[in-house]
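Enquirer: Pasting in a structure now, in structure tokens, and then I'll have a few things to ask.
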Amino acid sequence: MAPSADRHGYWGQPTSTLDWCEENYVATFYIAEFWNTVSNLIMILPPIYGAIQTFRDGLEFRYVCSFLGLAAVGVGSWCFHMTLLYEMQLLDELPMIYSTCVFVYCLYECFKQENTISLFPIALLIIFSVSVTLVYLQWKEPVFHQVMYGALVACLVMRSLFIVTWVYPWLRPLCYTSLGVFLLGFLLWNIDNIFCNTLRASREKLPSGVGVATQFHAWWHIFTGLGSYLHILLSLQIRSTYLKHRPNIKFVCGVWPTLHIEPQKTS
């Protein structure tokens, strides 16, 4: 990890238990980690659009919550990296647990009748979320949070691979793309942690425009944000296909994927 602070800024001395490899208050006096902050836009704007589109299509509210949960993670991460305050760190890390629990519920309940609510898995996920929250508030160890988050992600990966292997194999490209993009972000997150000193030294020698490309924690936001967004699309497509809603992926400006529900054909 990076030293506790490089320069003093608007938000004062960092109080978070983590301080990432980006140099603090270099780009502006008002944002501690500029690139780690603005890279969260990919986790805020597209999911909000996805939530609106999902609501307009009349799909189940759990998927609106999925998109809004991802957006909440983006907002929390923005606040954390902007301030490096402990309270904002919690606003980043705890929503990661809560939103992923929503993802787990959606994916494990995708083959049920429309608008049914299963109380048992909801209760289990709430107990898990509350337990993680209480333990983490008392035991301020980031590795604990990372392991709990990783366990939830592992549940999603296993369930996704099962579905695209045995139920809807034609969804493998979307599943593998989502998983591959997310794993790429995880790889860059580890590189940023392990080789921080080397990366910082390289930025001192490289032109500023080139050095930005070595802000691997910001790339972690971009790739995991995209991977998570694609996972919601995958979950939505699985659910919509099961309910015979005729899902169709379209691209905004020919680039960004969105899911739309085609109207049912009338005979």
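Just so it is clear, glycine is given a Cβ too, placed from its N, Cα and C backbone atoms.
As annotated in TrEMBL:
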- Asp19, Trp20, Glu22, Asn24, Glu33: Ca(2+) binding site (BINDING)
- His81, His217, His221: Zn(2+) binding site (BINDING)
- 34-52: transmembrane segment (TRANSMEM)
- 64-83: transmembrane segment (TRANSMEM)
- 95-111: transmembrane segment (TRANSMEM)
- 118-137: transmembrane segment (TRANSMEM)
- 143-167: transmembrane segment (TRANSMEM)
- 174-191: transmembrane segment (TRANSMEM)
- 218-236: transmembrane segment (TRANSMEM)
Enquirer: For the transmembrane segment (118-137), find every same-chain residue at least 6 residues outside the stretch whose CB is under 8 Å from a CB in it, and list them.
Expert: 90, 93-94, 97-98, 101, 104-105, 108-109, 112, 144-145, 148
Enquirer: Using the alpha carbons only, what distance in Å do you get between Glu33 (Ca(2+) binding site) and His81 (Zn(2+) binding site) once rounded?
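Expert: Distance (Cα to Cα, whole Å): 5 Å.
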Enquirer: Which residues of the chain, 6 or more past the ends of the transmembrane segment (174-191), have a CB below 8 A from one of its CBs?
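Expert: Contacts of the transmembrane segment (174-191) (Cβ under 8 Å, skipping residues fewer than 6 from its ends): 153, 157, 160-161, 163-164, 199, 216-217, 219-224, 226-228, 230-231, 233-234, 237, 249.
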Enquirer: Roughly how many Å lie between the Cα atoms of His221 (Zn(2+) binding site) and Asp19 (Ca(2+) binding site), rounded to a whole value?
Expert: 15
Enquirer: What does the structure give for the C-alpha distance between Asp19 (Ca(2+) binding site) and His217 (Zn(2+) binding site)? Integer Å is fine.
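Expert: With distance taken Cα to Cα, His217 (Zn(2+) binding site) is 11 Å from Asp19 (Ca(2+) binding site).
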Enquirer: List which of the binding-site residues Trp20, Glu22, Asn24 have their Cα within 10 Å of the Cα of His217 (Zn(2+) binding site), in sequence order.
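Expert: So the list is Trp20, Glu22.
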